[in-house]
Structures are given as C-alpha cells and as structure tokens.
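Noted in TrEMBL for the protein shown:
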BINDING   Tyr232, Thr244, Ser245, Leu246, Leu247, Ser248, Phe287, Asp387, Ala388, Asp389  FAD binding site
DOMAIN    9-138  domain 'Photolyase/cryptochrome alpha/beta'
REGION    621-652  region 'Disordered'
SITE      Trp321  site 'Electron transfer via tryptophanyl radical'
SITE      Trp374  site 'Electron transfer via tryptophanyl radical'
SITE      Trp397  site 'Electron transfer via tryptophanyl radical'
Amino acid sequence: MRSSPCSKPKRRLWFRRDLRVEDNPALAAGVRLGEVVAVFIWAPEEEGPFFPGRVSRWWLSQSLLHLDSSLRSLGTSFITKRSFDTASTLLEIVHSTGATNLFFNHLYDPLSLVRDHRLKELLTARGITVRSFNADLLYEPWEVYDENSRPFTTFAPFWNKCLSMPYDPAAPLLPPKRITTGDVSMCPSDTLVFEDESEKGSNALLARAWSPGWRNADKSLTAFINGPLIEYSINRKKADAATTSLLSPHLHFGELSVRKVFHLVRMKQLVWINEGNRAGEESCNLFMRSIGLREYSRYLSFNHPCSHERPLLSHLRFFPWVIDEGYFKAWRQGRTGYPLVDAGMRELWATGWLHDRIRVVVSSFFVKVLQLPWRWGMKYFWDTLLDADLESDALGWQYISGTLPDGRELDRIDNPQFEGYKFDPNGEYVRRWLPELARLPTEWIHHPWDAPEPVLQAAGVELGSNYPLPIVEIAAAKARLQDALAEMWQLEAASRAAIENGTEEGLGDSSELPLIDFPEEMQMEVHLEPLRITNNSPAVDRRHEDQMVPSMTSSVVRVEEEEVSTDVGNIAGDSRQEVPSNVNFDEAPEREEIDGGSLPTVRDNNVVQHFNPARLQIPVQSMEDSSSSRTERDGGVVPVWSPPTTSSRSEQFVADDTGITSSSYLQRHPQSHQLINWRQLSQTM
C-alpha cells in the first residue's frame, strides 16, 4: 500500500549505467526530498542483439558489489531484481515499497530511449511522478545546435560549440553523507548471476588488471591526471605501453562522472598554462577531445537513432560487402598474417581491451582489406570489449567505414606494416601477443613475409605453418576495393535514375533486398545491403532535466522522399586468394582523423555464444572497497520528442566547410547528390 500523507515521501532510485554515489543527480535529488529505495534491474534480454558480453558482465557484477557496499555504508539497502520485463518489475517494486516517485538518469542509446519513454507513460498513468536527469554528458543533446537550430553533422563544429557554450558544464555533486531508506521488507532482492562455471577462470584473470567500482574509478582518474596526462600528447599513440587513461570502462558503467573528469582536467590545464607548460596544455586539449568524441557519440545516437545499424551517407547503402565467414574467423582469431592486426585481436580476446590506435588498425583492416560488413565487426567488439558502448561503437565503426560526413574515405587503405612501425616502433607489442614472432628482429617484425629465409629459421618462424602468410595482399585489396566502389556508384546512380524516371518507387526500408546471412554464433540482426558472396509526430514542450525520446508511431508509414534503394540480387565477386604471394607495399599518405587518431570503443564474443540468458539469476553481495591505483596492463516528466515540423525525418547529413566532410565523395562522384532520409523508429523497434 502507499505511504500515508503524513509519512515521508518515498523516492525510488533506479540505477542503470550510473553506478556511483558521487555526482549522481538522481540520487542527490532523491536524498534531498525524502526516503530513498535504491534498485537495480537486470533484464539483458531487452537489449535484443546487444546482450552484454562475458567481460562486460564481469565488470558489471563487480561494480554492483562495490555500489552495494557503498550504499549500505550510507544507511540504505540495495534491491536487485532479475527480470524479463523492466516495466512490470518496476511496478511491482513501486507497489511493494509504497514509492511515490521514480528518479533515474538519462541514457541515449535507441533501445533505452524507447524503453524510458514507455516506462514514463506507464508510471505516470498510475500516479507515479517520474523525473530524469543528466548524469552522463556535459550538455544534453538538445542543448547543442548550430546557428540554424539544427543538429550538427560533423564532430569539429559540434565540439567547438560545446567549448564555447555560454555556461560551463555543471560542477560535480558531492556524495551524500547519509541516505534515509524506506521499508523494503516486502521487496526482497533476487540473486543475480552474471557468469557460468566455464567463464570463471577467464574472469579471474581480469581482476588482476582491473578494479571496477566508483571509488577505484576516482583513484584511476587522480593517478592519470597526476601522471601520464602531462605527456599524453607525446605518448598517446604508443601501443606498447599504458599511455592512455584506461577510464573508458569506468565511464561506460557510470562509475565516473564525465563532468568531474572535464573539470579536473580543465583545472590542471589552467595550472600548466600559468606555468607556461605548452606540452601539458596540448595534452589536456587532446584528452578533452576524446571526451568530446564520447559526447558526440551520444549526440549522434539521439539525433539519428538508427546510426548503430545504417550508414549515415546514403550512397554507402549500396556498397557490396563481402560475406566470407572464413575471413571473419581468421580476423577474430588473429590469424590474418599481419602481425599488428593479429596481436591486437589476440589481446582483445585475452583481456577485453584494446589501445585506441589498435582499434583503428584492426577495424580498418576488417572493413577496407577484408571488406566484411562493418556491423559484424561492431557486434564482435560489443561482445568482447570491457568498455562495450553502443553509441561509441557505432560512431567508431561508421567513422572507419566512411559512412560519416567527416569519416575516413572508404577508398583509403592503411597498410598494417607501416601502421606497425608508427604505433609499435620497437615491436614490443607484437612480441607480447605473438610469441611465435618474438625472436624476429625489429627490422622484420611487422612484415615477416619479406624476411630472408635464414632470419626466419633463426627466429623459429615457419610462414604458413606456425604463423600464417597474409590472408589478402594489400595491392589486391586496393584493386578489389576500387571495383566495389565503382559498383556502389553504379547501383546508386541506377536507383536514382529509376526514381527520377518514375519506373520505381523505391523500397523505403529496403525490406525486399536479399538478406545477409550472418554467422550463427554471432547472433546478429539481419541488415539489408548489397553483398558479394565468396567461397570461403508534432513536438511537445521540452523541459529542463527531462529526456526527450523519438516519438513512436503504431505502424511504419511511408513518407515522401524516403530513402531509396534498388532491388539487388546476389552479386558474384572474384574468388579470393587464400595465401597470396609476397608484395611490396606503398605507404598510404597521412591524413587527419576525426578523433585525432583514436576510435571510439568496440567489442567481441565467442564465450557468450553458448551462454543461456535464462540461467542468469543475479547475486549481489556486500563487498569491501578495494584499493587501486592506475594499473599498468600487461597482458519532472519525460516528454516525447519528434523531429522538427519541417521534416518527418532526422536531419540529412550535408557537406560542411569545417573538417572532413562528404564533399570529397561528391567532388569525385558528382552524380551522387541524394543523401539518406531517415524514417521514424517503429513502435516494434
């Protein structure tokens, strides 16, 4: 039953990816206004194909233990529930605890946007006050627009606008001194299980390198700011040492406030500016740029909710991806024959982590050399990375695939050999993860196929035996990529001509295109694009601190000028040479990258392939806060939002005079002027 009018109002605090008590706006508001009942609901099946991977589940379990200990020390209990329907579970908890309010912090991925809006409608209809807050960004997505009040379509002007906002990001909040808890005797916790027996051994190794939990995150931030940050501009590209902050898992799970990171780095920068330390000042600018990329990933996801599954430049819908599970398996296992790529993929599988430069290398190889569908790679990274983050992953893979206006050109192939000597000049990173090449001289470490036979014999390397020859020649990959691009432009031009001539209406959501058969173990969503088979609603008022989500329609309605496509059948591609002959490589020219060289986070999963979600039952126990310093790694109401009334779709991407845009494509291919139009999300998303 509900609390009596004279009793203290009860606030139910719903924890999600905000697992901290410091600078937690929802927690602070609840503590200020009455009794608090803290709740965490584990319903991974609601994430659809983005079921958390093994390492991500391990981190979540440890972080929850840490949070439970902190909440208990503040005087409140922490309810954990296993659910297959978050809405019904929330209603049960509200009824059993007599809560009158629900407080939570915003999330910006499309699944959460839709779910949060539906929960808001369901709870407000039952008289529950729902309030939501910004705990994940410096500025909300609807606060940052260009001079025409439109969303930005490229990163540089977006970040410049953030840095020039008339008001600074809110200062971080201190943790509460005490929390008054409500009666939870009628609402027992469920035991949550995040791992099965087969995963415990691998997960035990993670604890040797990482310390989840919000207090440990704070220690890691302090250690980074007082240590490696000052030389970040010099060392950030080195893959053979811990030269980055290693804060991304803490940020993803909300153990660390991005506002606290921003303010502390700015304060440190001011100190170095006063001291005349130019290197330190530049390091702070570069590091804050990486924070800006994280902001931009959520901004892009909010304004273009399908960015995790569709390219954001329309002509790339016609790119004929190669469907070859043999290539996919070789890439996952680190058996491509290119040492830097293989070392990166083996580190990913062993540790759930990759240096941002190595993420760029392995994903670029995946898309440009192997020409595999970028969503395969994004899903694999999601399943294997500790810091798996849907918004950041989508931004990173779209950037690499050339599907962003300011992304890399799709026709640019980075040679792994030259990338190796750039990011691992002494070969130490390769030697650590490829022991079969450990005795090779540095001169040959990144291109062993060119090494003289006596050198290979002395190092114990047998190419094609204990280490593979290159799976694809770079020269051959460049030629095939040019052929694929030519085919893409032909398909795009044919589709546009058919639309203009009135001989075809367009397929709208492209539901009639042939399906791509994804590898079964990946359990991926089917997406509809050309492929090559190889052998092997009106807007409502917006309120401050309220989260706006895309408006839902009961059915998918075709609108004018919908995105166009062609009915493309299977297009046969050339057969791939399994073990190519040696080839001399030409170094690709240097080019500024959207993020200064880093790729937002991404993931993998072979362990979770056979994991049965029904077996998850989740235990959360009290845990003492573990001490940790920066580890050197070896091995209101929630209103509905709808697009502007001038358009029924998300804003189109257009060429911009700032940074790298799609104009480079349009100059080379003037016939391609039609940009993608986005349909509103269906209610069955």
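Glycine residues also receive a Cβ, built from the backbone N, Cα and C atoms like all the rest.
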What whole-number Å value do you get for the CA-CA distance of Tyr232 (FAD binding site) and Trp374 (site 'Electron transfer via tryptophanyl radical')?
30
Same-chain residues at least 6 apart in sequence whose Cβ lies under 8 Å from Phe287 (FAD binding site):
Leu229, Tyr232, Ser245, Val265
Starting from the Cα of Trp321 (site 'Electron transfer via tryptophanyl radical'), work out which of the recorded positions (Leu247, Ala388, Trp397) are within 10 Å.
none
May I ask for the distance between Trp397 (site 'Electron transfer via tryptophanyl radical') and Trp374 (site 'Electron transfer via tryptophanyl radical'), taken between their Cα atoms and rounded to an integer number of Å?
6
Quick one, of the binding-site residues Leu247, Ala388, which Cβ has the fewest other Cβ within 10 Å?
Leu247
What whole-number Å value do you get for the CA-CA distance of Trp374 (site 'Electron transfer via tryptophanyl radical') and Leu247 (FAD binding site)?
25
Which whole-number mean pLDDT does the model give the domain 'Photolyase/cryptochrome alpha/beta' (9-138)?
91
Per residue, counting other C-beta atoms within 10 angstroms of the C-beta, which of the recorded positions Tyr232, Ser245, Trp321, Trp374, Trp397 reaches the highest number?
Trp397
Please spell out the DSSP helix, strand and coil residue counts for the domain 'Photolyase/cryptochrome alpha/beta' (9-138).
60 helix, 29 strand, 41 coil
Would you give the longest CA-CA distance, in whole angstrom, between residues of Tyr232, Thr244, Ser245, Leu246, Leu247, Ser248, Phe287, Asp387, Ala388, Asp389, the set recorded as binding FAD?
23
